[in-house]
Amino acid sequence: MYPAHLLVLLAVCVSLLGASNIPLPSLDFEQFGKMIQCTIPCEESCLAYMDYGCYCGPGGSGTPLDELDRCRQTHDNCYAEAGKLPACKAMLSEPYNDTYSYGCIERQLTCNDDNDECKAFICNCDRAAVICFSGAPYNDSNYDIGTIEHCK
């Protein structure tokens, strides 16, 4: 995958963050993108994850359309749980600047032991999401569906 394409995908999801009014713990989007690249060997096809289903980024709504969309919903819910941790409260004011420590060896992700409680929780949210993405089929009919009419 081309890093610029992944950043475009993540930028779309970030734009949804601003509209959602949901406070979230830290997420380094470039780092999350690198996790995705580690696990999912998607070149240009990664662009197709933009505007997919009802849950691209926090603030999704409605019933997930398929397994991939459920992965995204679960990721949103995991971040909501992280936001309830006392250790994560301090990071809510700067949600995109903090990074966690992780490893990638032969397409296997691990969250490193040197993360504090909040970073470990967030790393595991992202790790679980990426693993879920890698096992979920992509359904072309769920791309660019128009969330207003399909995600109630």
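For all residues, glycine too, the Cβ spot is worked out from N, Cα and C.
Looking at CYS13, CYS38, the record from Swiss-Prot puts CYS104 in a disulfide bond with CYS38. The record in Swiss-Prot lists a disulphide bond between CYS88 and one of CYS56, CYS111, CYS118, namely CYS118. Among CYS123, CYS125, the cysteine that Swiss-Prot records as disulfide-bonded to CYS111 is CYS123. Only one of CYS42, CYS125, CYS132 is recorded by Swiss-Prot as the disulfide partner of CYS78: CYS125. Around the Cβ of CYS125 (disulfide bond), a 10 Å sphere holds 24 further Cβ atoms from the protein chains shown.
Of all Cβ atoms in the protein chains displayed, 22 besides its own lie within 10 Å of the Cβ of CYS123 (disulfide bond). Cα to Cα, CYS123 (disulfide bond) and GLY59 (Ca(2+) binding site) are separated by 20 Å. Note on proximity: of the disulfide-bonded residues CYS38, CYS104, CYS151, the one nearest CYS118 (disulfide bond) is CYS104, by Cα distance. Annotated pair CYS88 (disulfide bond) and ASP126 (active site), C-alpha to C-alpha distance, rounded: 15 Å. In this structure, CYS111 (disulfide bond) is part of a beta strand by DSSP.
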